Amino acid sequence: MGRFIFVSFGLLVVAASLSGTGADCLSGWSSYEGHCYKAFELYKTWEDAESFCMEGVKGGHLVSIESSGEADFVAQLISENMKRLDFFVWIGLRVQGDEKQCNSEWSDGSSVSYENWIESESKTCLGLEQQTKFRKWVNLYCGQRIPFVCEA
């Protein structure tokens, strides 16, 4: 009986220590600073990719890149998890309507506090470009079908 209590307590300690470390991400997803991420090698328009992320996991959206550390994490995630490295990958930022400037929110509703544009780019639907090792943002035609990264 004493051994059972000791083992049960040990398992409880391990479970508590894993809480919030990525253990609560779905299988196949990666954790970074309390969020879960997955690169999808499916070819979808920006809008279809956003819908896919929202329907696939509770609280899911196209990735919102809010720091250089997160940008590096996402770039590494793409490079390590996609068999075919396409030229572009969707992120969760686009301009609504006829505006000429960046929408002030990501698709998940968070504010744009970090920017990493390729110089001279106008701002419509945004993706990451392979030539920059998926670290810089580039504007793209929103109807283009390319891979994407979801965040939850």
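Using the three backbone atoms N, Cα and C, a Cβ is placed for every residue, glycine included.
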Member of CYS36, CYS53 annotated by Swiss-Prot as disulfide partner of CYS25:
CYS36
Can you tell which of CYS142, CYS150 Swiss-Prot lists as bonded to CYS53 through a disulfide?
CYS150
Scan CYS102, CYS125 and flag the one Swiss-Prot records as disulfide-linked to CYS142.
CYS125
Compare the Cα of GLU151 (Ca(2+) binding site) against each of the disulfide-bonded residues CYS25, CYS125, CYS142 and report the nearest.
CYS25
Highest CB neighbour count within 10 A among the disulfide-bonded residues CYS25, CYS53?
CYS53
Can you give me the average pLDDT across the domain 'C-type lectin' (32-151), rounded to a whole number?
83
Spatially, and counting Cα to Cα, which of the binding-site residues is closest to CYS53 (disulfide bond)? Options: SER64, GLU66, GLU70.
SER64
